[in-house]
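Before any comments, here is the structure.
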Amino acid sequence: CFRALRDYRYSIYCCHTRVKTLELEIDTRCWCSGPKLKSCMLSSVPVLSWLPRYSLRDNAIGDLISGISVGIMHLPQGMAYALLAAVPPVFGLYSSFYPILIYFIFGSSKHISVGTYAVMSVMIGGVTERLAPDTNFMMYDNATNQSMVNVLARDTERVKVAAAVTFLSGLFQMLLGLVKFGFVVTYLSEPLVRGYTTGAAIHVIVSQLKYTFGISPKRHSGPFALIFTVIEVCYLVPETNIGTLVVSLVSIIGLVLVKELNTYLGKKLPVPIPVELLGIIIATVVSWQVNLEGKYGVEVVGEIPSGLQPPVMPTASLFGQVIGDAFALSVVGYGIAISLGRIFALKYGYKVDSNQELIALGLSNTIGGVFQCFAISCSMSRTMVQESTGGKTQVASALSAMVILVIMLWIGALFEELPKAVLAAIIYVNLQGMMKQFMDIPTLWKSNKVDMLVWVATLILTVLFNPDIGLAASIAFSMLTVNEIPGVVIFRSSATLYFANAEMYQDALAEKSGIDITKLITQKKKAEAKRLRKEKKEARKAKKDAKKNAQEWVRRRSGTEEIIPVCLYISNEIH
């Protein structure tokens, strides 16, 4: 009865305390003061906190050089990654403009370069080609008496699909950021992310083989689609367009050689040679002069409209078909961006807010979807250039967006004769870093075999089941490798431990751990008592032996027996 009464009184006490605490918390949270409103605004819109304190003397020159350099990189990469997304190249330029300006306002990282990204683009391409395949847009050509694809109608539908999945992925990111779910990235371990990006890079490479060989393989979807595509490409290799293949090989060799020269002269060059920009300029001029499309059948970029697109709300009827892909895009894009952002934040001594990054990326994708962009994330190559050329703030990214704006308004139409094979070559060369991640396998084998297993399993699952399903399967497999340590149970209590709840704490601990606490304490007390008795017994025995030895020494010294054995005995004892 006493225990029941005590528990009842304690529950009443806890309930009263919680009510008071809740009332205080509600009062604190709901009270809107000037400083609190200002703090909320500065944390929600980070540009308001750092832009007024922007130092022109310390940062302007570095940000200007960095912005121009990264803007030049955005041009070829945006157009190339648009091919991965299966949309016209100009939409890659849109994706390199609108989202960057939004991130400039809401992002918390000073150094990362957001924009088009290969892994995100190939995931978008999987969705667009699944929902708007070529077979849905076949038309009969009376002039040639053959069926052909209505490219204009197909591309229009694919842009709608890309905008819808991008808009929805942005909503997911914003929702996760508002509920403080930034810790979701902790479930994406480094071996998982590196294995996943390597598997996605393989998908990217396979998707560009048709532009390298000038062939038209059928589009496969679902599990093992990559295997079927490779078989299809091998079957069509005899139909390779020689002109397209030559353009591809020359472009790849030229890009690799100049990139190696950049690496060799890295410390001597103030700015890396813009190899990709030079590549597309030279290729465009050669294609225009030689007429590669007319004479050799080399596929070119085609019409690039000047100006900006008006905002259009995404087609809501598509949301139900892309919801799974949108969530996968939101998690992958955030995981890559926050990982890179934290690396540079640690290097330069500032903090990146994981939840604010979710909101910033979410707004970038949501607003970008309205302007017909496809999903963006952070690019390692552009970020490294932005940092190495002196970029210190997101002003560099805003300036790179201005470079893209100039290109879209006045220069974009000049690249209409650019061969698509050159864009595929740019993609191949930019994937060098991802393919080098295969060297993780021997390193992980030496350091942690479980991490190596996660890396390899993620790669295999991503290759076999496509990036979206592969990501979910990889996370599930990664969670299965996390096991309990035998004999170790961690128990945490959020309440202060004192006399009133000590017994309840003990009961809860026994329930959670499955251990009889009373029995354990009894056994511990018995063991402690036994140890004390043993120590006392040994102490008495040692005292008795010392007394006996002393008496023997006195007896021998005062007697007529030989002194030598006694001296030897004393010497041994001292030794």
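Cβ atoms here come from the backbone N, Cα and C positions, even for glycine.
Predicted automatically and left uncurated, TrEMBL annotations should be read as such.
For 62-458, the entry in TrEMBL reads domain 'SLC26A/SulP transporter'.
According to TrEMBL, the feature transmembrane segment maps to 81-106 (among others).
The transmembrane segment annotation in TrEMBL covers 112-132 (among others).
The transmembrane segment annotation in TrEMBL covers 161-185 (among others).
Annotation source TrEMBL lists transmembrane segment at 244-261 (among others).
The transmembrane segment annotation in TrEMBL covers 273-290 (among others).
As annotated by TrEMBL, transmembrane segment applies to 326-346 (among others).
The annotation transmembrane segment is assigned in TrEMBL to 358-377 (among others).
Note on the transmembrane segment (397-415): residues 63-64, 66-68, 70-72, 74-75, 78-79, 89-90, 93-94, 96-97, 100-101, 103-104, 113-114, 280, 284, 301, 304-308, 386, 391 of its chain, located 6 or more positions outside it, place their CB under 8 angstroms from a CB of the stretch. The annotation transmembrane segment is assigned in TrEMBL to 397-415 (among others).
Sequence-distant neighbours of the transmembrane segment (422-439) (same chain, 6+ residues past either end, Cβ-Cβ under 8 Å): 76-77, 79-81, 83-84, 89, 118, 194-195, 197-198, 200-201, 204-205, 208, 211-212, 247-248, 251-252, 255-256, 259, 276, 279-280, 283, 301, 380-381. Feature annotation from TrEMBL assigns transmembrane segment to 422-439 (among others).
Positions annotated as transmembrane segment by TrEMBL: 459-482 (among others).
Under the heading region 'Disordered', TrEMBL lists 532-553.
Long-range contacts of the transmembrane segment (81-106) within the same chain, counting only residues at least 6 positions beyond its ends with a Cβ under 8 Å from a Cβ of the stretch, are 44-47, 74-75, 114-118, 121-122, 124-125, 128-129, 155, 158-159, 162, 204, 207-208, 211, 301-302, 304-305, 308-309, 356, 359-361, 363-365, 367-368, 371-374, 376, 394-395, 397-398, 400-401, 404-405, 407-408, 412, 415, 420, 423-424, 427. By the Cβ criterion (under 8 Å, sequence separation of 6 or more), the transmembrane segment (161-185) is in contact with the transmembrane segment (358-377), since 3+ such pairs are found. Just going by CB pairs under 8 A, the stretch in 112-132, 244-261, 273-290 that sits most against the transmembrane segment (358-377) is 112-132. Pairs of Cβ atoms less than 8 Å apart link the transmembrane segment (112-132) most often to 326-346, out of 244-261, 273-290, 326-346.
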